[in-house]
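Undergrad: Have a look at this one.
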Amino acid sequence: MEETPHNCPGTGSAQAGRGAACQGCPNQRLCASGAGEAPDPAIEEIKEKMKTVKHKILVLSGKGGVGKSTFSAHLAHALAEDENTQVALLDIDICGPSIPKIMGLEGEQVHQSGSGWSPVFLEDNLGVMSVGFLLSSPDDAVIWRGPKKNGMIKQFLRDVDWGEVDYLIVDTPPGTSDEHLSVVQYLAATHIDGAVIITTPQEVSLQDVRKEISFCHKVKLPIIGVVENMSGFVCPKCKKESQIFPPTTGGAEAMCQDLKIPLLGKVPLDPHIGKSCDEGRSFLVDAPDSPATVAYRSIIQRIQEYCSPHRPKEERTSLVPETRGDMDASSTASAS
């Protein structure tokens, strides 16, 4: 898929297809014709569907392998511990869907009813949807271009019968590509509470997370905060702490201070996290006294406080500093 020009004016602009940034863009003729201005009717349909969903949280990461899906799964587990809280977990990592494995739902299938696709329920108050449920084998590769991925995400948001939901957690793939633009575009009119961004301490991860933060600013997606995963390792025998991934540039804490965004917390390494995920179990239940569990619960409490309806609106939105070069997510997605 062709890359959108850096200074793309957007399909809704009078300069669409005519600006200097449009020269050489494969979509120049389409944008200049005005054909790209027509809104996708699915946006209104999704807006109507999402009226029954109170809070929408995107879990993002710039780098793969930093524990984003693990965090999404345990955020869902923790929220669903309250039987009166309805939780939905949506996996839009189309090419690498790991949520079915982490949630212990491999082999489950999606069923269709008169009101749409029925999510797979782990508990009565915890529903899960993933492209992994649509594959004949967990080893099958999903080899799709952007438009087909976008169509799948649209279906998940529009056609899944979530019912009344308190929290919709969206687990995304790493990066800032088609899936991210699509989910922000389709949910823009429904009020997204914000994004939780996952990183690890080393600079090779942080440099990609800075790009993710820039993406959030450009598409006007509020940032709830950053979680630093794999933040040190405390030996269970001698209790000595080791830095497996040294924070050579100060880690997430220094980055958050520099960019003026909240650091929600740091989760230390614990070998049992991987074991619990491989077995499709909640690490929070398997290891309730682990320092990692304590960190998870503290972070999740902060997310709940952020989403609290009693929190003043100006405080909720003040976490996102003004940046230059903001772009319209829907315009970018349409022009991609």
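Glycine residues also receive a Cβ, built from the backbone N, Cα and C atoms like all the rest.
Computed from a predicted structure; not experimentally measured.
The [4Fe-4S] cluster 1 binding site annotation in TrEMBL covers Cys8, Cys22, Cys25, Cys31. If you look up TrEMBL, you'll see 54-210 marked as domain 'AAA+ ATPase'. Marked as ATP binding site by TrEMBL: Gly62, Lys63, Gly64, Gly65, Val66, Gly67, Lys68, Ser69. As annotated by TrEMBL, [4Fe-4S] cluster 2 binding site applies to Cys235, Cys238. Marked as region 'Disordered' by TrEMBL: 310-336. Annotated compositional bias 'Basic and acidic residues' per TrEMBL: 311-327, in sequence order.
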Undergrad: Mind giving me a neighbour count for Gly67 (ATP binding site)? Other Cβ atoms within 10 Å of its Cβ, every protein chain shown.
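TA: The answer is 22 other Cβ atoms.
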Undergrad: Enumerate the residues of the same chain, Gly62, Lys63, Gly64, Gly65, Val66, Gly67, Lys68, Ser69 excluded, that satisfy the criterion Cβ within 8 A of the mean position of the Cβ atoms of the recorded ATP site; list them in sequence order.
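TA: Output for this site, in sequence order: Ser61, Pro174, Ile198, Thr199, Thr200, Ser205, Asn229.
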Undergrad: Closest to Gly67 (ATP binding site): which of the binding-site residues Cys22, Cys25, Cys238, going by Cα position?
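TA: So, of the listed binding-site residues, the one sitting closest to Gly67 (ATP binding site) is Cys238.
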Undergrad: Work out how many Å separate Ser69 (ATP binding site) and Cys235 ([4Fe-4S] cluster 2 binding site) at their Cα atoms, rounded off.
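TA: Here the two Cα atoms are 25 Å apart.
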Undergrad: So which of the binding-site residues is most packed in, judged by how many other Cβ atoms lie within 10 Å of its Cβ, out of Cys22, Cys25, Val66, Cys235, Cys238?
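TA: Result for the most crowded candidate: Val66.
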Undergrad: Let me spell it out: for each of the binding-site residues (Lys63, Lys68), count the other Cβ atoms within 10 Å of that residue's Cβ, using every protein chain shown. Which one has the most?
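TA: That would be Lys68, with the highest Cβ count within 10 Å.
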Undergrad: Compare the C-alpha of Gly62 (ATP binding site) with the C-alpha of each of the binding-site residues Cys8, Cys22, Cys25, Cys31, Cys235, and give the closest one.
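TA: Among Cys8, Cys22, Cys25, Cys31, Cys235, Cys8.
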Undergrad: Select one residue from Gly62, Gly64, Gly65: among these binding-site residues, choose the one with the most other Cβ atoms within 10 Å of its Cβ.
TA: Gly62
Undergrad: Let me make sure I understand the structure: which of the binding-site residues listed (Cys8, Cys31) has the fewest other Cβ atoms within 10 A of its Cβ?
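TA: Comparing Cβ neighbour counts within 10 Å for the binding-site residues Cys8, Cys31 gives Cys8.
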Undergrad: So among Cys22, Cys31, Cys235, Cys238, all listed as binding-site residues, which is physically nearest to Gly64 (ATP binding site)? Use the C-alpha atoms.
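TA: Nearest candidate: Cys235.
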